[in-house]
Amino acid sequence: MPSNKSVSDAPIVQFTNCRILRGHRLQREDLWVREGKILNPEKLFFDEKGSADIQLDCKDSIIAPGFIDVQINGGFGVDFSLATEDFKSGIDLVSQKILSHGVTSFCPTLVTSPPSVYHQVLPQISIRNGGAHGAGILGAHLEGPFISKEKKGAHPEHCLRTFEAGAFQDLLATYGSLECVRIVTLAPEMKRSSEVIRELTKQGICVSLGHSVANLSQAEEAVQHGATFITHLFNAMLPFHHRDPGIVGLLTSDRIPAGRRVFYGMISDGIHTNPAALRIAHRAHPKGLVLVTDAIAGMGLAPGRHTLGQQVVEIDGLNTYIAGTKTLSGSVATMDTCVRHFQEATGCSVETALEAASLHPAQLLGIEHKKGTLNYDSDADFLMLNDDLYVQATYIAGEEVWRQDAFSL
């Protein structure tokens, strides 16, 4: 009888006694992994006549896809918007530390900065797979500087820019390169933004609408030109108004091109968005909700003064303000905290809460065939969680990269 070695010499690991999030529900079945991918056990048994080399008892844990954070400005003392000499070691530190919070891939996010910062920092960000060294990097998220002065939030006004005669060329000159860029947040009401949105979309970059005073028709036009995301819904945009709901209106707009879905980021930290607003958004458009941390350098550190790009911010409990003001500036919440708060605030199912931090961000970035699910042949990036959604262990490409001390298989 041919063994599984006829196909591959790599060991097959079978995770048993677990509930797997697959097909939008928790299913009591085993998870099979080989060479960093999730295996179809039927193919393994019937085509290869193979069996497991290693069996691991998961002690009734939930197994869910790894979390994907598409908006994280830094953490643990590291600020992605600061051009430091040891930038690379900073990004390595954050990617290592977020493993304990269930994040297996992320988009390092830069807030509005002078062109010199983009020119220095962006060449130091490289797209890479995750592993024992840390979470994978999916590409940078550039939030600004092409945003509204009125809704700048924690972004420094003197660095804001508009699209001049060159439009897309202005954007290229500001950033220096788009090589590792995955998401650009801009204000769609700006003159010439349509051609910029079209060009970015053509290059496979996700355009997000945010820090904006756009009305609904301007937002709909931006989506018709290719925009697919809303940066931290409700924050740094016009408040919902029944006669013109602004960007928020995209959640129930009937002018979204057929076959397209608008996604929206939510900072579910209990501070940036009232639980009632979280519930309204989720009930209006559940399939578009993407949990983001919007975490700043102060995440994981004691309260006090920290940075967010060009600004000094003050952490007071879970609140983060521009120093000396009451302007919120990012968050210090971790992704697993956001998932738990989202479930508690909305009363949604465990499956829904987990998919908002995994499947939906993967769909937004167009990588759901590889990440964000536990489908056969997808990357074996997954978490073990207890029933209260606390992370017990994190796996990337089928290898354990973090484990809570008290939990051992």
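Note: Cβ is positioned from N, Cα and C throughout, glycine not excepted.
Taken from TrEMBL, the feature active site, proton donor/acceptor applies to Asp294. Here TrEMBL flags Glu143, His211, His232 as Zn(2+) binding site. Annotation source TrEMBL lists substrate binding site at Ala154, Asn235, Ala236, Arg243, His272, Leu328, Ser329, Gly330. TrEMBL lists 62-401 with the feature domain 'Amidohydrolase-related'.
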Least buried of the binding-site residues His211, His232, Arg243, His272, going by other Cβ atoms within 10 Å?
Arg243
Spatial neighbours, same chain, of Asp294 (active site, proton donor/acceptor) - Cβ under 8 Å, 6+ residues apart:
Gln71, Ile72, Asn73, Thr109, His232, Gly265, Ile267, His272, Gly330, Ser331
Which of Ala154, Leu328, the listed binding-site residues, has fewest other Cβ atoms within 10 Å:
Leu328
Kindly state the mean pLDDT of the domain 'Amidohydrolase-related' (62-401) in the predicted structure.
97
Let me check the 10 A CB neighbour count of Ser329 (substrate binding site). How many other CB atoms are there?
27
CB within-chain contacts under 8 A for Glu143 (Zn(2+) binding site), separation at least 6:
Gln71, Thr109, Leu110, Val111, Thr112, His155, Thr185, Ser208, Gly210, His211, Thr231
CB-centroid shell, 8 A cutoff, Zn(2+) site Glu143, His211, His232, site residues removed:
Gln71, Gly144, Ile147, Gly153, His155, Thr185, Ser208, Gly210, Thr231, Asn235, Ala236, Asp294
If you draw a 10 Å sphere on the Cβ of Asn235 (substrate binding site), how many other Cβ atoms land inside?
17
Tell me which residues of the chain lie with their Cβ under 8 angstroms from that of Ala236 (substrate binding site), as long as they are six or more apart in sequence?
Ile147, Lys151, Lys152, Gly153, Gly210, His211, Ser212
